[in-house]
Amino acid sequence: MIWHVQNENFILDSTRIFMKAFHLLLFDGSFIFPECILIFGLILLLMIDSTSDQKDIPWLYFISSTSLVMSITALLFRWREEPMISFSGNFQTNNFNEIFQFLILLCSTLCIPLSVEYIECTEMAITEFLLFVLTATLGGMFLCGANDLITIFVAPECFSLCSYLLSGYTKKDVRSNEATTKYLLMGGASSSILVHGFSWLYGSSGGEIELQEIVNGLLNTQMYNSPGISIALIFITVGIGFKLSPAPSHQWTPDVYEGSPTPVVAFLSVTSKVAASASATRIFDIPFYFSSNEWHLLLEILAILSMILGNLIAITQTSMKRMLAYSSIGQIGYVIIGIIVGDSNGGYASMITYMLFYIAMNLGTFARIVSFGLRTGTDNIRDYAGLYTKDPLLALSLALCLLSLGGLPPLAGFFGKLHLFWCGWQAGLYFLVSIGLLTSVVSIYYYLKIIKLLMTGRNQEITPHVRNYRRSPLRSNNSIELSMIVCVIASTIPGISMNPIIEIAQDTLF
């Protein structure tokens with residue numbers, strides 16, 4: 001009899017939970033329509049994989065790319081709508097969040113064609129790769145719109161789990177296994193640190209989890225200047241630092257870049273930074289509103305260390321992927337300047353603009369590395385010597401992307417950095433901007449060193465890898481060329497296009 005009553009109570013509770021979830025999805029589902037498109041694409045991929053004996057590979061790529069493009073279209077149609085909070089305060093929809101979601105979707109859309117030839121040559125499992133990419137994209141999008149501590153913790157974990165699986169995708173590669181182990185261990189440690197910081201924030205605010213309610217809770221409990229908030233700030237900064245990978249939280253980055261499959265590195269190098277930047281701006285700007293001086297100081301230290309260490313260590317690297325790893329550490333230092341400035345002097349707009357250009361510059365560079373690596377089997381910088389004599393298009397496009405990363409005019413990277421540094425200068429960050437300018441000059445040195453190797457014309461300096469260089473017979477080569485062309489064009493946008501981009505970015509502020 002007791003078991004019968006308990007069973008009935010369980011059924012009633014389960015039904016009540018199901019009806020509540022259905023009610024939320026029915027009335028709030030429109031607010032996550034772009035995410036729902038990706039979920040539908042994931043279901044289609046699973047259905048095709050489980051029902052088809054012979055995998056229809058073109059359909060898998062088509063479904064993945066189409067779901068990403070449709071999700072971008074849904075975001076654009078929703079542009080300029082009024083900010084809304086849905087799912088009982090767990091999710092917020094506004095222009096600021098949506099532009100970061102757009103950047104993540106753009107990264108994934110460009111990374112899929114970039115990966116086609118690599119997957120075919122290495123015979124990687126296609127369906128699982130696409131599933132992990134789409135799921136990581138979904139986690140990044142939910143992180144951008146997260147409005148409470150639980151969602152801010154769960155969403156990046158979804159992204160991180162897929163990242164661990166992608167980094168170790170080539171199971172027979174010892175370097176890939178080592179990279180995955182380091183990535184997993186440090187990722188788990190950083191998540192523990194992050195949730196510990198959240199617990200201090202939760203307790204200090206009187207048990208609130210929504211970002212704005214935390215501010216109100218801190219006012220009610222008079223804990224906004226307490227030591228508990230300082231402890232929470234330190235732990236949360238360390239936890240988010242792992243996702244952004246500034247110095248000194250950068251130890252995992254070079255090993256993961258070097259050991260992971262190159263298309264995976266291309267994907268992680270941009271999406272993780274975009275998602276973490278979106279989360280950092282909201283966490284620091286809202287719950288830690290009363291501790292702005294403290295978190296400004298912490299981020300300034302991280303930015304200075306990142307710009308100096310990242311660019312100086314990059315000079316000594318012999319692996320192209322490790323060089324780009326340290327370069328990305330320096331680049332995130334520039335992005336942090338925009339986070340510190342905030343929306344008072346156009347900091348967020350300049351940060352968003354620079355990240356848009358960084359996506360194009362970085363993915364364009366990785367597209368060329370994927371293409372060169374598949375034809376030569378090497379990642380050593382010296383093995384690029386004389387590439388211009390064999391493949392002028394690849395050499396010139398790689399040179400343009402590297403010059404844009406270095407910030408040489410009239411390329412997009414120059415105008416992105418110029419606007420970012422100008423906003424920092426107007427905000428009074430003179431020392432930080434000066435460090436940024438000096439380290440940018442350092443970065444130009446090691447980028448030009450690679451370009452000099454590319455353009456070497458003397459036979460005695462051309463390596464055997466380039467001498468035996470062969471173009472790919474695969475038709476999928478067209479897809480990587482498409483990604484490369486799009487990225488190169490975006491990397492070489494002249495300054496005349498800066499004003500409309502800045503104006504659009506300004507509309508994304510809170």
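Just so you know, glycine gets a Cβ as well, placed from its N, Cα and C.
Features of the protein shown, as given by Swiss-Prot:
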type	residues	note
TRANSMEM	24-44	transmembrane segment
TRANSMEM	57-77	transmembrane segment
TRANSMEM	99-119	transmembrane segment
TRANSMEM	149-169	transmembrane segment
TRANSMEM	183-203	transmembrane segment
TRANSMEM	227-247	transmembrane segment
TRANSMEM	295-315	transmembrane segment
TRANSMEM	323-343	transmembrane segment
TRANSMEM	347-367	transmembrane segment
TRANSMEM	395-415	transmembrane segment
TRANSMEM	418-438	transmembrane segment
TRANSMEM	482-502	transmembrane segment
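Sequence-distant contacts of the transmembrane segment (347-367), counting only residues of its own chain at least 6 positions beyond either end whose CB sits under 8 Å from a CB of the stretch, comprise 96, 99-100, 103, 106-107, 110-111, 114, 262-263, 265-266, 269-270, 273-274, 277, 281, 324, 328, 331, 334-335, 337-341, 397-398, 400-402, 404-405, 412-413, 415-417, 419-420, 422-424, 427, 480, 483-484, 486-488, 490-491, 493, 498, 501-502, 505-506, 508-509.
Listed as Cβ neighbours of the transmembrane segment (418-438) (distance under 8 Å, sequence separation of 6 or more from its ends, same chain) are residues 300, 303-304, 307-308, 333-334, 337-338, 340-341, 344-347, 349-351, 353-354, 407, 498, 502. Outside the transmembrane segment (395-415), and at least 6 residues removed from its termini, the chain residues within Cβ reach (under 8 Å) are 327, 331, 357-358, 360-362, 364-365, 368-369, 387-388, 440, 443-444, 447-448, 450-451, 454-455, 484-485, 487-488, 490-495, 498.
Remote same-chain partners of the transmembrane segment (149-169), defined as residues 6 or more beyond its termini with a Cβ less than 8 Å from a stretch Cβ, comprise 90-91, 124-125, 128-129, 132-133, 135-136, 138-140, 142-143, 176-177, 179-180, 183-184, 187, 191, 194-195, 198, 201-202, 209, 211, 214, 243, 256, 259-261, 264, 267-268, 271-272, 275-276, 279, 283.
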